């Protein structure tokens, strides 16, 4: 079975210090990076990958003021970037979704998880546990009483949607290998690799464990060599220019 449609859905932007994208650079310049959600239409039902930024980021570039990330991360979010608004735009309500896949629980990927009180949220155990105590996780991204489906390691969500365990950027990060009807195999690295440079040249970037992150990149490179998918990176400004976004699909 294959995924009928894979939509790239813009979910705002985030100003991030260039040293977070390339750790060899000195801090000081902010880059204007895209934030993405991905909608998969499958035979079993619609699946949403990541939920964007939290409500607290709407028109609030100072979200991280007084924290470890002050001046390093500036969210650029409007009401139109709220996950419920995004879903309405693409024709769904929260209760329509079969699953939420949380690649990881950072603020720009899991900020909207609270909109889904009943939908199963698929998350790696290592990520769920780390988010309980590590300072880089906002409370909106690890709300109690949601319907978490906790997994460990690689996992097939439905036929054609494979989760690949790629820790490093965060303790329990996961990427996706998706078989689509239109474009064949697609690899979403998500934040296992922000950019093509991180991936192809193994340029280090921000994260929990740089050695583990590099191991995950090497693992994904092996997947690419074997499976020959189209590869999309998590926050690549140059790649964004050529991305087909909703209502187009791949």
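Numbers run from 1 along the shown chain.
Keep in mind that glycine also has a Cβ here, set from the backbone N, Cα and C atoms.
Record features (Swiss-Prot):
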BINDING   104, 106, 169, 191  Zn(2+) 1 binding site
BINDING   108, 109, 191, 235  Zn(2+) 2 binding site
DSSP three-state call for residue 109 (Zn(2+) 2 binding site): helix, strand or coil? helix
Within 10 Å of the Cβ of residue 169 (Zn(2+) 1 binding site), how many other Cβ atoms can you find? Include all protein chains, please. 28
Same chain, 6+ residues apart, C-beta under 8 Å of the C-beta of residue 108 (Zn(2+) 2 binding site), given in sequence order: 11, 12, 14, 35, 52, 53, 75
Which same-chain residues, if any, lie at least 6 apart from residue 104 (Zn(2+) 1 binding site) yet have Cβ under 8 Å of it: 110, 124, 127, 169, 170, 172, 173, 174, 190, 191
So around the Zn(2+) 2 site, 108, 109, 191, 235 aside, which residues have their CB within 8 A of the centroid of those CB atoms? 14, 35, 36, 50, 103, 104, 106, 190, 194, 234
Same-chain shell around Zn(2+) 1 excluding 104, 106, 169, 191, C-beta within 8 angstroms of the CB centroid, reads 103, 105, 109, 170, 173, 190, 192, 207, 234
Which number gives the other C-beta atoms within 10 angstroms of the C-beta of residue 191 (Zn(2+) 1 binding site), all protein chains shown included? 26
Where residue 191 (Zn(2+) 1 binding site) sits in the secondary structure, as DSSP reduces it to three classes: coil
